[in-house]
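Everything below concerns the one structure shown next.
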Amino acid sequence: MQLGSTLGANLVCGSIVAILYGAMCLQCYSYFQRAHKTRSRFLGYSVLLLWALGTAHMVFVECDMYLNLVANFGDVEKVLNVTFWPTPALEVITLVTTLFVQSWYCHRLWVLSSKNALLTYFLIVVIFASFSLGMASVIEIVMLKNFANFHAVVWMSLACVSLTTFADFYISSALCYFIYKERKYVRSRMGSLLNTIIVYTVSINLITGLVSVSYIITNFLLPDTWVYVGEYMIFCGLYCNSLLAWINARDSVRERLDCPTTGVAATVSPSSVMFAPAPASRSRSVPIDTISIVRAESTRSERSHENFDEKSTIRFSAV
């Protein structure tokens, strides 16, 4: 057994997992800093679940590295043994995290597509087929009891990751299409912010897709190494960070849209006009032609389908 391509790959990828876990914790903190503004229990519970899955994954990665690099170092038979509980636990947590994140994106796609059944049901089938193949491969690997026999069930793992990769690109393309489609209903400022969300969507799903493709390639080119095993360890952290980045980016855009701007000319509705009370020394009636505008304030309010209109409040005082 070559240490560089087996335990070395385990060490490098374990370090990357630790970095991704730190980034995930930072994003969770960033979300809860503004959670009082969103007031969404569903989002709050989703973030907590992601943090719990990411933390459990990090713990199992550390246990797996300790068993391979310290406790059983030099004992090839024990290192290749997959009956140790951290190894199958890592794979199960990764599968559950992937299922949750892709299901969350599927729900957003359902909303943005105005409940397009054909579009979302097809994605649901792909997601659950990938999860089922992944769980079947975990069970088969545990029954084989040795990584040396992994080639017997490698097709299940490759099929699982292939379907996951397809789902990632499918989700990214569909979300970008529907978000871009919404741009024609909004003003220029909102359009530029939607472009920001599109960039986030493409980048975060592209990263997970590229790692999945890399896993498939290394499985074919380097079947006798643990490089692909290390790459699989990264999936959980990537998916957690991808969803958290998308949530935080969306909340950031909403905050920028909700910020009031002053000095903006806008359409005035009769119900929004307020008159400042006259000072005591000027309790007399004031002719209408002596009233001047001293402040114009425009605020934005959210409407359905991410469209926004402008409501204005104008304050008058006597001169």
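Positions of Cβ are set from backbone N, Cα and C atoms, glycine also.
Per TrEMBL, transmembrane segment is recorded for 6-30 (among others).
Residues or ranges marked as transmembrane segment by TrEMBL: 42-60 (among others).
The annotation transmembrane segment is assigned in TrEMBL to 84-106 (among others). Within its own chain, the transmembrane segment (84-106) is flanked in space by residues 46, 49-50, 53-54, 56-57, 60-61, 63-64, 67, 120, 123-124, 127-128, 130-131, 134-135, 137-138, 141-142, 160, 164, 167-168, 171, 175, 232-233, 235-236, 239-240, 242-243, which lie at least six positions past its ends and keep a Cβ under 8 Å from the stretch.
What TrEMBL lists as transmembrane segment is 118-142 (among others).
Among the features that TrEMBL reports, transmembrane segment is placed at 154-180 (among others).
The domain 'DUF6534' feature in TrEMBL is assigned to 165-252.
Taken from TrEMBL, the feature transmembrane segment covers 192-217 (among others).
Within the chain carrying the transmembrane segment (229-247), a Cβ under 8 angstroms from the stretch's Cβ atoms is held by residues 9-10, 12-14, 16-17, 20-21, 23-24, 27-28, 31, 43, 46-47, 50-51, 53-54, 57, 61, 90-91, 93-94, 97-98, 101-102, 104-105, 147, 161, 200-201, 204-205, 207-208, 211-212, 214-215, 218, all 6 or more beyond its ends. Annotated transmembrane segment per TrEMBL: 229-247 (among others), in sequence order.
In this model, the domain 'DUF6534' (165-252) carries an average pLDDT of 78.
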